[in-house]
Amino acid sequence: MSEGEVFHEKQRLELCAIHALNNVLQERVFTKETADDICKRLAPQCVMNPHRSVLGTGNYDVNVIMAALQSRGLAAVWWDKRRSIQNLCLDKIQGFILNVPSRVSLGFVSLPLRRRHWLAVRDVNGHFYNLDSKLKGPACIGGETELRSFLTEQLSQDVAEMLLVVQKEVDDEGTWLKADDTRK
């Protein structure tokens, strides 16, 4: 499969959460409008919604991502970074959404600031892809071994976090985790 056949939304405004959702689902499902509607449902009484940027440019939080996935019959499972990536049952996981530190830039000038950024990773026809919306296109990671190395490297950053995107039944049964790992 060529990288041109892999769905990949590119970064616009502060909409990385929406791009990560659509990239992990491999289709354009969510828009700024649907994310804003989710924000309103999560905090209906708030004038300044705590789940997005006050400027209205995006910057959605994890609650929006989790609610969006739930609306599609999916679940987001927080990954405990103290566990080994080897304990993941990759065949039960639809994809990954990571929250990582990201440099801030204005055009070609990189500022000495860091912000949080959502990105997606998933398997498409037997190859795992980094679907970071800041990339020019999807970046092939490789197979399971390369994926585990990539995830381990990403999670080695102090503030990095990872959500497993799974079917609701997989979450309910806990089958995203190998049976020999008893810590849940």
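Glycine too: its Cβ is placed from the backbone N, Cα and C atoms.
If you look up TrEMBL, you'll see 3-180 marked as domain 'Josephin'.
Residue environment of Cys16 (active site) contains 27 other Cβ atoms, counted within 10 Å of its Cβ in all protein chains. As annotated by TrEMBL, active site applies to Cys16 (among others).
Counted within 10 Å of its Cβ, the other Cβ atoms near His117 (active site) come to 22, all protein chains included. Residues or ranges marked as active site by TrEMBL: His117 (among others).
Long-range Cβ proximity for Asp132 (active site), meaning a same-chain Cβ under 8 A and a gap of 6 or more residues, is found for His117, Leu119, Ala120, Ala139. If you look up TrEMBL, you'll see Asp132 (among others) marked as active site.
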